[in-house]
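Undergrad: One structure follows; several queries about it will come next.
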Amino acid sequence: MSKLFRAVIMGPPGSGKGTISERIAHSFGLKHLSSGDFVRENIAAKTEAGVQAKTYIKKGLLVPDHVMTRLLLPRLEEMTKYSWLLDGFPRTLAQAEALNSACDLDVAINLNIPLETLKERLRHRWIHPPSGRVYNMCFNPPRVQGIDDITGEPLIQQEDDRPEALVARLRHYKDVAKPVTDFYKAKGILYTFSDTETDRIWPYINTLLSTKIPTIQSDARCASTH
Ligand SMILES: Nc1nc2c(ncn2[C@@H]2O[C@H](COP(=O)(O)OP(=O)(O)OP(=O)(O)O)[C@@H](O)[C@H]2O)c(=O)[nH]1
Ligand SMILES: Nc1ncnc2c1ncn2[C@@H]1O[C@H](COP(=O)(O)OP(=O)(O)O)[C@@H](O)[C@H]1O
């Protein structure tokens with residue numbers, strides 16, 4: 001059984017987690033697991049956790065740790081045969097500890113992007129909610145403004161992406177994120193990337209993962225030849 005690779009990607013709203021996760025999933029064949037997608041699936045399926053989560057999301061709040069953990073850990077149980085990249089979880093120390101009790105992580109990627117850059121990016125972010133596809137009028141615009149490239153359905157801008165909403169989200173993010181990055185720094189697996197452009201960060205993340213992932217698979221190869 002080849003050793004699997006498990007990573008999380010963290011960063012404030014608009015830092016490029018989704019954008020970079022797609023590139024990682026594509027380049028390294030990892031499963032991209034998004035906690036936001038799991039939440040939306042549960043809300044759509046009207047599961048108990050989904051119904052609870054919806055009441056918090058409607059108020060623009062994070063879902064409570066015990067609800068989020070109960071929703072996410074069983075999904076990770078289904079992924080024991082896969083290498084994956086988890087996006088959007090953990091967001092709190094309690095979530096990081098719950099994840100740590102369920103599985104070992106190889107890398108925690110942390111995106112450190114300036115506030116002004118986040119504001120500018122989210123001002124131009126458009127999304128296609130049914131698919132979660134993300135566009136940006138300055139960075140990766142749709143072929144036709146306001147229209148999803150694949151389905152032709154309309155794109156929307158999220159209420160949460162307005163600059164005034166972002167400031168509140170960022171303040172809350174800063175409070176809850178530091179204990180999580182400290183947790184992974186103490187475990188020696190935190191890698192922080194600071195820049196204003198994804199295209200400048202991507203080569204460093206690509207190099208880091210290229211050094212990690214083949215090692216794991218080559219270990220597996222030598223294990224399997226003995
Ligand atoms: N101008 C510019 N926009 C970028 C860059 N990288 C990502 N974006 C865009 O900025 C927005 C935020 O990127 P996302 O990948 O959605 O960021 P995120 O961290 O997943 O955001 P949340 O889901 O809100 O936590 C999107 O519209 C991206 O297309 C960049 O280097 N430059
Ligand atoms: N790890 C988490 N802990 C608590 N709530 C979460 C978590 N992940 C997602 N959520 C909830 O689901 C909502 C949608 O998540 P997501 O699609 O990642 O968007 P956002 O940009 O708001 O984080 C979040 O606003 C939050 O309320």
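The backbone N, Cα and C atoms fix where each Cβ goes, glycine too.
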Undergrad: From the candidates R40, R125, R143, give the one listed by TrEMBL for the same ribonucleoside 5'-triphosphate site as G14, S15, G16, K17, G18, T19, V134, Y135, T198.
TA: R125
Undergrad: Look at the AMP binding annotation in TrEMBL, where S35, R40, L61, L62, V63, G88, F89, P90, R91, Q95 are given, and name the residue from R162, R169, R171 listed for that site too.
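TA: When TrEMBL describes the AMP site, the candidate it includes is R169.
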Undergrad: Take the Cβ of R91 (AMP binding site) and count every other Cβ within 10 Å, whichever protein chain it belongs to.
TA: 19
Undergrad: Which whole-number value in Å describes the distance between the Cα atoms of R169 (AMP binding site) and G18 (ribonucleoside 5'-triphosphate binding site)?
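TA: About 17 Å separates the two Cα atoms.
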Undergrad: Which binding-site residues from the list G16, G18, F89 come close to ligand 1, meaning a Cβ under 6 Å from one of its atoms?
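TA: Close enough to ligand 1 are G16, G18.
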Undergrad: Measuring CB to CB from G14 (ribonucleoside 5'-triphosphate binding site), give everything in the same chain under 8 Å that is also at least six residues away in sequence.
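TA: Once residues fewer than 6 apart are set aside, G14 (ribonucleoside 5'-triphosphate binding site) is near I113, T117, L118, K119, R121, L122, R125, D161, L166.
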Undergrad: Could you give the Cα-Cα distance between Y135 (ribonucleoside 5'-triphosphate binding site) and S35 (AMP binding site), in whole Å?
TA: 19
